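Below is one structure, written out as structure tokens; the observations come after it.
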Amino acid sequence: MYKGKYHLFYQHLPEGCEWAFGLVWGHAVSTDLVQWHHLPHALEPTPGSLDADGCFSGCATVDTDGRPVILYTGVRLRTNPALPLPPADRDLNLPFVESQISAIPADPDDHDLITWCKDSAPFLELPPPDLELTGWRDPFVVERPSAANGNEWIVLIGSGLKGVGGACLVYRTTDLRRAAAWRYDGLLCCGDGETGAVWECPLVAELQPMPPGARAPPALALGLGGRLRGGASGLGHAGAGLGAGGDGAGKAAGGGHERRPLRHDGPQPHHHHHAGEQQQQQQQHYHHQLDPVNELQQLKLEAAAAPRRRRHFYTISPDACTNPTIYWLGDYAGGRFDMAGAAGPFRLDLGDVLYAPNVMEDDHGRTLLWSWLQEKRTVQGLTDEGEVESEGGGR
């Protein structure tokens, strides 16, 4: 939120209904979260640059000097001849190369923040060396500078460790826009392969205590069904409020008593799912048998064994938009999330369209969760509808 307005940034393809490279950041503003006004694109790919083939996900925040800043992942295809490939120890061998880029408004006094200017150099050009990562994208500010954290920003980046599972990298910096100020600070936490090979759009939010007398609904009514099973490698994200951002479309399971397994087959309407023989060889089905009665009993045992309140919400979007977004409830401190002591993973939404959420705190002190809902119609259906509208004059 900036100068009394909510700013919504979202990934957008201006001239198509099917995912492709060349993503831009759309931009809309509102004063009440109900009525929205569309603005010109905030970010567009710059030919010959690190984001020549797409402006992927990221977040927005307000710097210590009061100026808004966007942090996002820019991508360029390996086949793009404008820039050299990374050195071998920092090359993830994906069909695209990822870099982390910042942008600021041309006029911070403009309440609508219509025009944005990219910094000339990335704040992080390449991932840490020799980590064998499955991806490196979606920066999210988890802590602002304070005396408690050494007056540093703490920023998460979604990733995964080859042969291990999804992971979230932690970076620290005293200056969001100066590359020399950034340093890698290890892992927030790591999965075991059962929750995906790459964790997209990671975020952590502190939860407020429930009001006195309030009672949580039953676990299965919230869709907190069985844990994800299986192990496969894959890749997989676009919405951001001024405060945080994300990028993806979710494909989860049906009702509260079942969950489809993580999977990689079928259409991938996403920026990471297009290509590569290596990626196709990695794709395989996840298999999962769910017993909701045993699952509920396990949750009750966990609650009885650890009645303490878990203060933080940690969510990731695993691998691809055909998977459910999942979360844990646990404790975060100093750039680390206690996965061993956390409850979860749980499915965030009962539907089958939500993916890549993000959070922000507004001027009223409320924590708002944003996400995007993927289009359910087929590409052919969208094309047919476009033909109908063009022939019939709209609806």
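Placement of Cβ uses the backbone N, Cα and C atoms for every residue, glycine included.
These come from TrEMBL:
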type     : residues : note
COMPBIAS : 246-255  : compositional bias 'Gly residues'
COMPBIAS : 256-268  : compositional bias 'Basic and acidic residues'
DOMAIN   : 2-209    : domain 'Glycosyl hydrolase family 32 N-terminal'
DOMAIN   : 302-378  : domain 'Glycosyl hydrolase family 32 N-terminal'
REGION   : 246-287  : region 'Disordered'
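Sorting each residue of the domain 'Glycosyl hydrolase family 32 N-terminal' (302-378) by its DSSP state yields 4 helix, 36 strand, 37 coil. Mean pLDDT for the domain 'Glycosyl hydrolase family 32 N-terminal' (302-378) in this predicted model: 88.
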